Amino acid sequence: MERRSALPQDFREVLHCLKMRSKYAVLLVFVVGLVIIEKENNFISRVSDKLKQSPQVLPEANETEASPVQAENGSLASLRQLDTAFSQLRTRLRNVTLQLAGELGIAAPEPRRHVLLMATTRTGSSFVGEFFNQQGNIFYLFEPLWHIERTVTFEPGGANAVGSALVYRDVLQQLLLCDLYILESFISPAPEEHLTAALFRRGSSHSLCEEPVCTPSLKKVFEKYHCKNRRCGPLNITLAAEACRRKQHMALKTVRIRQLEFLQPLAEDPRLDLRIIQLVRDPRAVLVSRMVAFSGKYESWKKWAAEGEAPLQEDEVQRLRGNCESIRLSAELGLRQPRWLRGRYMLVRYEDVARAPLRKALEMYRFAGIHPTPQVEEWIRANTQAPQDSNGIYSTQKNSSEQFEKWRFSIPFKLAQVVQDACEPAMRLFGYKLASSAQELTNRSLSLLEEGPPTRIT
């Protein structure tokens with residue numbers, strides 16, 4: 001036992017000798033610590049064997065021989081003392097090692113985070129998703145649930161809507177765990193030997209277009225969603241899954257998860273450290289953007305706005321109202337801070353990102369518990385001051401400070417009124433002001449944004 005009490009002092013002397021200004025010092029400390037712990041383990045093991053062989057409670061001179069129960073209790077008590085001493089030594093080793101690492105300026109490794117960017121179409125999610133795609137230690141996936149939507153058919157509303165949400169959730173859970181093989185059941189044509197040339201928007205993920213996932217390209221193999229900056233062969237899903245596990249963090253962007261409550265099993269999964277960022281945008285701006293991007297689906301809206309003769313179909317308005325209500329209910333759930341969402345939910349307005357992209361990106365990284373690299377800041381500066389002609393409907397390059405209010409000059413006031421009537425509860429929750437006239441709608445000096453706390457973290 002004298003050896004045990006003297007050991008920490010000896011260990012501090014060893015550490016003092018090893019206190020060099022180099023990152024290798026920490027490694028040496030761990031090695032020394034492991035050696036000491038192993039020796040202590042052997043020492044405890046030998047003492048334990050002796051304790052089991054002979055009783056440790058000695059009889060007094062006027063007593064009879066100690067009973068087997070007394071002997072066993074004495075052995076157990078001594079073992080407990082040794083176990084306590086060993087635990088104290090291990091704790092001291094950990095504390096001194098962490099202290100030395102701090103003095104050397106070496107940050108402790110970040111725990112693995114799983115970031116889910118949850119949005120709806122035309123809310124700027126592709127742009128915001130790039131904040132995480134540009135981070136080298138994040139494995140980023142762009143809309144992988146697109147394949148499920150194309151393969152599994154669900155009618156809107158009722159039990160079918162719940163069924164689709166459950167399928168999306170279960171696939172999402174496996175993807176966050178780097179089980180990319182689950183997509184093979186939904187990709188068309190089906191992958192052969194885990195190879196596919198049909199993964200949706202592969203080129204929107206740096207992780208799928210860099211070595212070793214990017215394999216040599218093959219002649220006569222057409223890949224619709226090819227990598228942007230280099231030629232790669234068909235995606236090897238096995239290599240992609242391995243790359244996902246090697247990366248320190250995982251991030252995924254989707255517009256196909258509508259109800260926040262369905263994500264509770266993921267938030268409570270001990271294998272995941274989930275962070276949910278819900279991105280919202282003014283529904284009037286969303287409608288204008290969708291009428292351009294999905295022109296065929298909004299013919300009735302455009303015809304009514306231009307001619308105004310035939311009434312707008314009620315089911316179209318109900319669909320709009322349902323979308324706004326779904327977004328609002330999810331946000332209200334997140335802001336109520338149920339136990340399973342505490343510290344895991346962040347509400348962000350696209351307009352605030354557009355006005356201050358770097359500041360909002362850093363806030364999102366802080367919320368996720370990830371340290372951004374300089375490449376993220378460089379990308380944001382380079383891609384938020386893009387020239388006007390670079391703004392395609394799917395572009396992630398934007399002159400963001402000028403773009404976020406452009407919709408105000410391309411929507412007829414009567415169309416804005418329809419949106420305001422259908423989405424007023426959601427607009428008030430998110431801080432979007434209602435326009436009372438066409439003049440107010442197009443007056444740039446009048447802001448349609450409430451300036452309260454634009455970003456809310458729970």
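Any Cβ shown, glycine's included, is placed from N, Cα and C.
For reference, Swiss-Prot has these:
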TRANSMEM  24-37  transmembrane segment
TOPO_DOM  38-458  topological domain 'Lumenal'
CARBOHYD  N62  N-linked glycosylation site
CARBOHYD  N73  N-linked glycosylation site
CARBOHYD  N95  N-linked glycosylation site
BINDING   121-127, 281-289  3'-phosphoadenylyl sulfate binding site
CARBOHYD  N236  N-linked glycosylation site
CARBOHYD  N399  N-linked glycosylation site
CARBOHYD  N443  N-linked glycosylation site
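Location within the structure of each feature annotated in Swiss-Prot.
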residue : record                                  : CB count, 10 Å
T121    : 3'-phosphoadenylyl sulfate binding site : 14
T123    : 3'-phosphoadenylyl sulfate binding site : 23
S125    : 3'-phosphoadenylyl sulfate binding site : 22
F127    : 3'-phosphoadenylyl sulfate binding site : 22
N236    : N-linked glycosylation site             : 21
D282    : 3'-phosphoadenylyl sulfate binding site : 27
R284    : 3'-phosphoadenylyl sulfate binding site : 24
V286    : 3'-phosphoadenylyl sulfate binding site : 24
V288    : 3'-phosphoadenylyl sulfate binding site : 22
N443    : N-linked glycosylation site             : 13
The correct three-state DSSP answer for D282 (3'-phosphoadenylyl sulfate binding site) is coil
Should T123 (3'-phosphoadenylyl sulfate binding site) be counted as helix, strand, or coil on the basis of DSSP? coil
Under DSSP, is V288 (3'-phosphoadenylyl sulfate binding site) part of a helix or a strand, or is it coil? helix
